[in-house]
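Per Swiss-Prot, the features are as follows:
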type	residues	note
TOPO_DOM	1-21	topological domain 'Extracellular'
CARBOHYD	Asn12	N-linked glycosylation site
TRANSMEM	22-42	transmembrane segment
TOPO_DOM	43-53	topological domain 'Cytoplasmic'
TRANSMEM	54-74	transmembrane segment
TOPO_DOM	75-110	topological domain 'Extracellular'
TRANSMEM	111-131	transmembrane segment
TOPO_DOM	132-137	topological domain 'Cytoplasmic'
TRANSMEM	138-158	transmembrane segment
TOPO_DOM	159-173	topological domain 'Extracellular'
TRANSMEM	174-194	transmembrane segment
TOPO_DOM	195-258	topological domain 'Cytoplasmic'
TRANSMEM	259-279	transmembrane segment
TOPO_DOM	280-321	topological domain 'Extracellular'
TRANSMEM	322-342	transmembrane segment
TOPO_DOM	343-383	topological domain 'Cytoplasmic'
TRANSMEM	384-404	transmembrane segment
TOPO_DOM	405-424	topological domain 'Extracellular'
TRANSMEM	425-445	transmembrane segment
TOPO_DOM	446-476	topological domain 'Cytoplasmic'
TRANSMEM	477-497	transmembrane segment
TOPO_DOM	498-621	topological domain 'Extracellular'
MOD_RES	Thr612	phosphothreonine
Amino acid sequence: MLAASTRTRQINITCDNPVDREVFLHYSLIPSLCIILVLSFLQRREHRRQRDDTSYLLGNHFGIIVPLDFVGTFSNRWSYGAAFGATANKVMFLFSEGYQPLTVPQWAQAFVLFIGGMEVGLSYFPFFACLSSEFQLVSSILGFSYSLTWFVVTVLQISQCPHGQFLGRFETLVFYWPSLLCLGFLLGRFLHMFLKALPVHLGLEPQTEEKSMLEAHQAKHVKQLLSKPRPQEGEKSWFQTRVYEWDPCFQFPSRMVGTLLLAFICLYLFIVIEFCVFLHVRDKLDMFEDKLESYLTHMNETGTLTPIILQVKELISVTKGVWVVTILPAALTCVTYLFHILACYRKHMKRLWAGDKHFLPQKFHSPSSAASVVAIARYSGWQIAYILWGYLIIHVVQSLCGVMLMYGLVLPIIHHRGLEMLQGFGLGVLTLSIVVGLIILQVWIAGTFFLQPKLGTSDKQKPLALNNRRAFHNFNYFLFFYNVLLGLGACLSRLLISCLLGTWLIARIDRTIMQSGYEGADMGFGAWIGMLFVDHYHTNPVLVSFCHILITSHKDRKLQKTVKYWCLNQSAGPRFSARARTRWFLLQTLINNPRLVMLRKSKSGHSSGEFTQILLTCSDC
C-alpha cells in the first residue's frame, strides 16, 4: 500500500512548462514558409512557359524545391537519416492519433489526421530542403538557424519539466534524447556545409564541379559486369556467410537509410510508451488486489474463496513478470527484421538487375506503373507502422507463450508437483512420437514395398511406378480410417503453425504471409514490390551508365562545335575509325564473355562457325 500511494503521489505531480513543442509546432510554420520562399526564389526554373504580364517580374525564379529525391539519392544519407530522426516524436503522435489540431466529428477524423500530417511535414520541410539545396551557403545558414531553434526549444522543454508522471525522474529526457541527438547532428552538418561553401563564395577555392548522374558504386558494378569473373580469394568468414557481406558495388539509397533510422527511433519510443502503459496498468492491478483482499476478508469468513484469491494473484504476478521479460526478445526480433529487410532489399535488387523475377509471385512480375509510383511514397511510412504493430503483436504472442510455459513447467515445480508434470509431459511426448513414427512408417513401407526398383545405380530415388498393386490397395483401405483421425490433428497443427508464422512474420513487409494466389490482398507486400520496381527502373547501374554516356557524349559534341577551328585541332592527331573501334570493343567483349557468341544473330554469307568454336573452346579451358 505504501508503494502504491507513493506512485500515486508521483503520478499526481504536474509541471507547468512555458515552452511546449506542440504549440511551437504551429508557430514554426511561419519561419518554415519563409525559408521555403527564400530557397524557392533562389531555385531557377529550367523550363519556362511563355511569360505574361503577371509573371514577368518573377523571371525564372521560384522553382520547385525538392526536399529529398526518394529514388536516386545516395549522398548525405546519414544527414537525411538525422532529419528523419528529428521527426520521430511527431510521427509517434500521428501513429497514436494523438496529434489532432482540430476538433471535428468522428467521421471526419481521417481528414484531420491528413491535415495534421501535412502540418508536421511542412514544419520539418526546411531540414530536408536545406540539405538538398544547391545554394549551400544560404541553405546552411537557414538550416543551422532553424535547427538551432528546434534544439533550444527541445532543451528548454527538457530542462523545465525533466520528470514525468509514469517513469518519474528524467522521463522527458528519455522521450526526447533521440530527437535531440538528431538535431545536434544536423547542427554539425549545416556548420560543415557553411565552412565548405564560404571559401567557394569568397573565391578562395574553385567551385565544385557539377555532380554526375552516375554514382561511383554504379560505375564499379558495370565494370564488374564487363570484366572476367575472378576466382574467390580465400574462404568467407562466418559473419560473411551467415550474417552480411559488404559489397562495394552496391549502396542503399537515402530513403532506405532514413527509414531504417526513423524505424529504430520510433521502435524505441514505442517500447518506452508501452512500458509507461504497463506501469499504469500494474498500479491499477495492485490496487485491485488490495481491494479484492479487503473485500474477501470482510465477506468470506469461512475461507472458501482463499484458493481463488491466491490463483488470481498468481496469475497477475506471472503475467506481469512474463510481460517485462518478453520486452527484450520482442524488441530484438524487430531489430533483426530491420537489418534483414536491408539484406533482402539488396538481394532482390540484384536479382532484378540480372533479370530474375522467379522469386516474385506470378501476378507481381508486371505490377501497375501507377501503383508502383504510389508504393514509393507509401513504403517508408508503412514499413515503420508494420514494425511497430509487429512488435506489439509479437510481444503479446511471446507473453502468451511465456504464461503457458510458466503454468506448464515452472509453477508445477514451485508447487512441488514436478513429478506429475514430468509424467504428463512424458505421456504427451510419447503420444506425439508414436503418431510421427506411424507417419514415417507409412512412407517407409510405401517406398520399400510399393515402388519398382531404380532404373540405374546413379538414380537418387525410385521411379514413381507402382509395384505389388494388390497389397497396395489393401494398404490404402485399412489406413483410410486411421488417416481420418490423423487428419484432424494435421488440420489443427496447420492452423497453429499458420498462426504462429503469421504473427511472427507480421512485421516483415518484404515477404507475404498470404497463401499462394492471395498475395494481392497483402498491401504491404504490394508496396514493397512496387518500390523495388521503381528503384530497379530508375537506378539500374547499366541503364544509368548508358544514359550517362549519352549525356556526356552529347555535351562533348556540343563543346566541339563551339570550339573555333575544331577541324584543325582534330586533324592534328591520329584519326581513328569509329567502326573499327566498335568492332575492337565487340571483340574484347566476346573474348571476356565467350558465351555471348551463341546469342548473336548470324548474317547470311558470313560464317563465323570457326570463330565461335574457338571462343567456346577458350571458355571451357
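Cβ coordinates are placed from backbone N, Cα and C, and glycine is handled just like the others.
Annotation: stretch 138-158 has the most Cβ pairs under 8 Å to the transmembrane segment (174-194), among 111-131, 138-158, 425-445, 477-497. Taking every recorded stretch in 22-42, 138-158, 425-445, 477-497 and counting its Cβ pairs under 8 Å to the transmembrane segment (111-131), the highest total belongs to 22-42. Each of 22-42, 138-158, 322-342, 477-497 was scored by its Cβ pairs under 8 Å to the transmembrane segment (259-279), and the highest score goes to 322-342.
Within the chain, the transmembrane segment (138-158) has long-range Cβ neighbours (under 8 A, six or more residues past its boundaries) at 17, 19-21, 24, 28, 31-32, 35, 38-39, 42, 86, 126-127, 129-131, 172-173, 176, 179-180, 183-184, 186-187, 190-191, 193-194, 197. Across the topological domain 'Cytoplasmic' (446-476), the DSSP tally of helix, strand and coil residues reads 12 helix, 2 strand, 17 coil. The DSSP breakdown of the topological domain 'Extracellular' (280-321) into helical (H, G, I), extended (E, B) and coil residues amounts to 36 helix, 0 strand, 6 coil. Confidence across the topological domain 'Extracellular' (75-110), taken as the mean pLDDT and rounded to a whole number, stands at 77.
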